[in-house]
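Engineer: What TrEMBL shows for this protein is this:
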- 119-217: domain 'Late embryogenesis abundant protein LEA-2 subgroup' (DOMAIN)
- 45-67: transmembrane segment (TRANSMEM)
């Protein structure tokens, strides 16, 4: 006997249930695993950087204990005087006798060369920052002596040269009277040279924290002989 199978064209299966009664499963992509991996990478990177920083600090401390760095020496070695001129204020032409000058004060012109000596007593090199020394008269700034930055090898001495040029600086009132008296009567004009020298000690390509030495020098120049009469320098202190 021949049996004929029922056609499924009516949308029913063998059980008679509609085909759309079974929802289709779609692939699900979760993000929890990726987020955990990212957090793990960040944590490993942070631990690695912390370890490297601690290792560098430990190496630096060992090197410092072995090298035993000492502060550099920076001093004003010599002063060469080209000229120092002091001119009192002038009364305008045609003014009646006894009329005071139009601008009270005195004019100072200065041209000097400063020679600094830098001594490195360490077994490693030193890097100096650019430095500007102030040249003053009675606390009044007259000019600036600039020294460029440089590197100095271990156990060495270096001579640095810089020039200060002041053209008719107007010193007013009481300071002008002192200046004229110092130049004309005392033949002794005292100047003060101050500045901070910053340096870093170089160890295995690394530099130490900044070391600052404050230099304070007093000099006296004779306007008549155009020469240096007195020089005394000192170091105020060392700060790190």
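Cβ atoms are placed via backbone N, Cα and C, with glycine included.
In TrEMBL, annotation is done automatically, which means it is predicted and not curated.
What you are looking at is a predicted structure, and each value in this text was computed from that prediction instead of being measured.
What does the local environment look like for each feature on the list?
Structural biologist: Confidence across the domain 'Late embryogenesis abundant protein LEA-2 subgroup' (119-217), taken as the mean pLDDT and rounded to a whole number, stands at 90.
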Engineer: Counting each residue once, how many in the domain 'Late embryogenesis abundant protein LEA-2 subgroup' (119-217) are helix, strand and coil under DSSP?
Structural biologist: 14 helix, 63 strand, 22 coil
